[in-house]
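See below for the structure under consideration.
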Amino acid sequence: MGLQGQIIPYKNGEKEDDDDERAGKEISPFPPPPLHSKFAVVGYALTSKKIKSFLKPKLEGLARNKGILFVAIDQNRPLSDQGPFDIVLHKLTGKEWRQILEDYRQTHPEVTVLDPPDAIQHLHNRQSMLQCVADMNLSNSYGKVGIPKQLVIKKDASSIPGAVAKAGLMLPIVAKPLVADGSAKSHELSLAYDQQSLQKLEPPLVLQEFVNHGGVMFKVYIVGETIKVVRRFSLPDVCKRELSNIAGVFRFPRVSCAAASADNADLDPGVAELPPRPLLEKLARELCRRLGLRLFNLDIIREHGTRDRFYVIDINYFPGKSPFSFIFCYGKMPEYEHIFTDFLLSLVQNQYKKKST
């Protein structure tokens with residue numbers, strides 16, 4: 001079984017070293033950026049909840065030691081009047097904010113916006129979100145990645161049983177809100193066990209065939225060119241006997257977020273084994289290119305009874321609760337703060353290289 005909580009920098013295929021002992025003042029693999037000041041300035045526009053969970057003193061302190069300064073963006077002032085910024089990090093919603101960022105990108109092409117608002121918007125619809133995975137049709141010697149068979153229902157719950165039958169979806173059916181806007185409701189899901197109960201669902205929805213996966217999902221976090229994989233408990237498998245004896249719709253909260261870690265659980269090796277590293281590298285690289293995003297996570301399951309059949313069931317942008325603060329605890333593995341600050345420095349260095357050519 002692979003290393004628990006793997007960190008995969010997929011650019012060069014090697015694990016990150018930590019030979020500098022991380023003692024005293026941090027030594028960064030990136031030199032301080034030769035820009036307008038000794039600091040690379042990251043303007044951030046985040047919700048108060050996001051600031052509390054993500055922008056912790058440890059991150060800010062480490063960033064300052066590496067030549068990075070986080071500066072809050074004042075949403076009551078024109079963005080162009082603030083800065084100058086090297087990077088704009090944001091996770092706000094609304095058409096007005098998206099337009100502000102788009103205008104800013106046009107007038108400040110030298111600034112890296114994490115990430116482009118139009119690209120993020122693509123993930124707010126579960127139909128378009130997963131379509132890019134389906135279009136990839138990723139398959140190599142390490143496995144195959146797809147999405148569960150799915151169907152979009154925009155209205156009229158009474159039509160769902162007929163539509164499901166016509167599409168050939170097998171019970172039980174997972175129902176998720178079509179809009180994934182980060183709200184608590186958008187992360188709820190329902191499991192319908194019989195045809196009659198399908199009419200109790202509330203469109204607009206994405207309906208997916210439930211795939212038995214041993215009750216474990218893999219959350220794959222992508223930060224630029226680094227991948228972090230953790231196990232989470234998920235919905236249990238459904239056997240044919242249960243399917244014949246259970247009826248109705250069962251509703252669940254945000255399963256992937258609320259579920260306990262499964263990294264240290266006593267699991268069947270066939271269930272616990274992490275997806276192959278080369279497969280994840282290729283998937284992450286291609287999704288970054290197709291989505292135009294650099295900060296997101298995937299929920300992946302392995303079909304129970306197989307070793308190499310994987311399904312992406314959800315994609316989230318810049319996850320609301322960073323997992324890195326409590327799961328980077330394996331010996332010399334670098335913590336999330338190191339990964340994120342090095343990622344920011346790499347973006348600034350890329351900017352400088354472009355200016356120099």
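Using the three backbone atoms N, Cα and C, a Cβ is placed for every residue, glycine included.
TrEMBL annotations: computationally assigned, not manually curated.
According to TrEMBL:
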- 1-31: region 'Disordered' (REGION)
- ARG126, LYS176, 208-219, SER234: ATP binding site (BINDING)
- 139-349: domain 'ATP-grasp' (DOMAIN)
- ASP299, ASP314: Mg(2+) 1 binding site (BINDING)
- ASP314, ASN316: Mg(2+) 2 binding site (BINDING)
Local confidence of the domain 'ATP-grasp' (139-349) - pLDDT mean
86
Least Cβ-crowded entry, counting other Cβ within 10 Å, from the binding-site residues listed as ASN212, SER234, ASN316:
ASN212
Rounded to a whole number of Å, the separation of the Cα atoms of VAL216 (ATP binding site) and ASP314 (Mg(2+) 1 binding site) comes to 14
Counting distance between Cα atoms, which of the binding-site residues ASP299, ASP314, ASN316 is nearest ARG126 (ATP binding site)?
ASP314
Counting all other Cβ atoms within 10 Å across every protein chain shown, which of the binding-site residues ASP299, ASP314 scores highest?
ASP314
Between the binding-site residues PHE210, PHE218, SER234, which lies closest to ASP314 (Mg(2+) 1 binding site), Cα to Cα?
PHE218
Other C-beta atoms that fall within 10 angstroms of the C-beta of GLY214 (ATP binding site)
19
CB neighbours within 10 A of GLN208 (ATP binding site), counting all protein chains shown, number 22
Could you check which of the binding-site residues (GLN208, PHE210, ASP299) sits closest to ASN316 (Mg(2+) 2 binding site), going Cα to Cα?
ASP299
Using Cβ atoms only, which residues of the same chain lie under 8 Å from PHE210 (ATP binding site) while being at least 6 residues apart in sequence?
PRO148, LEU171, PRO172, ILE173, VAL174, LEU191, LEU235, VAL238
Around the C-beta of PHE218 (ATP binding site), how many further C-beta atoms are within 10 angstroms, looking at every protein chain?
21
Nearest-integer angstrom distance between the alpha carbons (Cα) of SER234 (ATP binding site) and ASP299 (Mg(2+) 1 binding site):
10
Determine, to the nearest whole angstrom, how far the Cα atom of ASP299 (Mg(2+) 1 binding site) is from the Cα atom of GLN208 (ATP binding site).
14
